[in-house]
Amino acid sequence: MKILYEDTIPRGYDYFSSLGEAVSYNAATVTSDDVASCDYLAVRSTTPVNEELLSNAENLHCVATATAGSNHIDKHYLEERDIAWRDAGGCNAVAVAEYVLSVLLIAHRDKKLDLSRIRVGIVGAGHVGTSLANLLGALDIAYVLNDPPRQEAGDRRHFVDFSEILSCDVISLHVPFVKEGVHKTHHLIDAAVLKSLGAGNLLINACRGEVINEEALLQRFDNESAPTVVLDVFDNEPNINTGLLRHLWLATGHIAGHSIEGKLRGTQLVYEHFCELAKKPVKLDMDDFLAAPQPISFMPRDPSMEALNWDEISSLLLSIYDVTIDDKDFRNAMQAGESFSAYRKQYRVRREFNAFTIALSGVVSEGILRQLTGLGFTIETL
Ligand SMILES: NC(=O)c1ccc[n+]([C@@H]2O[C@H](COP(=O)([O-])OP(=O)(O)OC[C@H]3O[C@@H](n4cnc5c(N)ncnc54)[C@H](O)[C@@H]3O)[C@@H](O)[C@H]2O)c1
Ligand SMILES: O=C(O)[C@H](O)[C@H](O)COP(=O)(O)O
């Protein structure tokens with residue numbers, strides 16, 4: 001069995017060589033000849049999987065992407081060819097949720113908003129939207145959910161209309177890129193939506209660039225009271241319009257999901273899909289490749305209080321993940337003329353909150369313990 005895998009898949013060789021012959025490829029240079037003799041193909045979102053790539057693939061049983069999004073896969077073509085496809089839904093949901101929380105904490109610190117008073121509108125209540133809701137819930141930050149497909153499918157959570165989302169202080173987008181249909185997301189944020197947002201709104205896009213009409217966004221920036229905008233994703237990646245960057249409060253290069261855990265979980269899920277299809281046992285676990293959770297020093301200022309204050313929360317969480325570091329690195333890389341893809345390939349090591357343990361001594365209130373465990377930390381009581 002031959003498995004061809006994109007070289008950006010962490011631990012690809014370790015995982016896939018346990019199942020057969022494992023060969024890596026570079027997304028910038030891969031051709032249909034490379035895919036010709038493989039049985040399984042493992043990609044990330046940087047490989048467009050379409051007729052051009054698969055035209056010579058005679059043995060291919062399955063294409064799996066180690067990412068949540070799958071809009072780079074031509075599913076219609078795969079179905080016609082009777083080739084299975086799988087995604088790694090949920091692999092990086094925690095990473096993206098932590099990215100958004102980091103943005104919110106920085107906005108609070110910079111007095112752009114007050115986390116005790118705002119309401120966050122989450123568009124798309126799947127893996128990422130739900131992880132974000134969990135983090136916000138742990139910190140008592142108000143939020144509402146919008147997800148018509150889920151609502152119609154009978155999800156029993158409380159959902160609001162898109163019009164109510166537009167009345168929220170923060171709008172965070174977590175939908176797939178869907179080109180057409182009743183629930184299409186292409187240009188979900190168009191000129192009319194942007195016109196309805198003002199200087200008091202913070203718009204965050206960490207799903208797909210195509211969900212916002214970038215031309216309309218550029219025009220909106222030229223008019224009064226434009227919203228504050230944070231983008232992790234862009235139209236037409238990797239050839240993005242860098243002219244947008246100067247208008248953005250924070251800009252990052254599609255790394256919201258790039259925690260070590262988020263990427264490795266993607267590989268794990270692809271490996272498990274291949275095991276299932278090849279009827280082989282799952283023998284590897286991502287914990288085999290990860291360092292054990294590390295202690296992080298933290299003690300509440302007043303452990304008897306029912307909740308931590310925003311300063312304590314910010315200093316703890318931003319010491320683990322501060323989006324402004326990524327914003328600076330990304331802008332520097334773009335200014336230096338580095339390619340978007342090269343920047344993303346060299347992204348720094350970033351761990352999720354669940355990679356840290358907090359040792360607490362003495363009596364700590366139930367409320368604080370609930371907050372810390374809700375954020376993902378493991379608590380050790382001394
Ligand atoms: N920036 C990053 O690094 C990063 C990381 C992970 C995911 N993503 C992107 O975010 C998307 C969401 O990820 P996920 O893991 O939560 O996917 P998911 O499939 O679990 O959830 C997506 C949700 O969006 C909902 N939805 C679809 N169309 C909608 C519409 N028109 N309006 C409102 N809701 C709608 C779906 O019903 C679903 O519940 C992915 O498809 C991917 O494109 C980006
Ligand atoms: O869809 C996803 O999972 C994310 O967008 C993911 O972070 C994409 O990462 P890439 O495959 O582009 O490295």
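The backbone N, Cα and C atoms fix where each Cβ goes, glycine too.
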Can you match one of Asp140, Asp169, Asp232, Asp235 to the NAD(+) site that TrEMBL gives for Asp147, Gly257?
-> Asp232
In whole Å, the longest Cα-Cα distance within the recorded NAD(+) binders Asp147, Asp232, Gly257 is 21
Close-lying recorded positions around ligand 2 among Ser45, Thr67, Asp147, Arg208, Glu237, Gly257, where CB distance stays under 6 Å | Ser45, Thr67, Gly257
Relative to the Cα of His254 (active site, proton donor), which of the recorded positions Thr67, Arg208, Asp232 has the closest Cα?
-> Asp232
Listed recorded positions are Ser45, Thr67, Asp232, Glu237; which sit with C-beta under 6 angstroms of ligand 1?
-> Asp232
In whole Å, note down how far the CA of Asp232 (NAD(+) binding site) lies from the CA of Arg208 (active site).
-> 8
Counting across all protein chains shown, how many other Cβ atoms sit within 10 Å of the Cβ of Thr67 (substrate binding site)?
-> 25
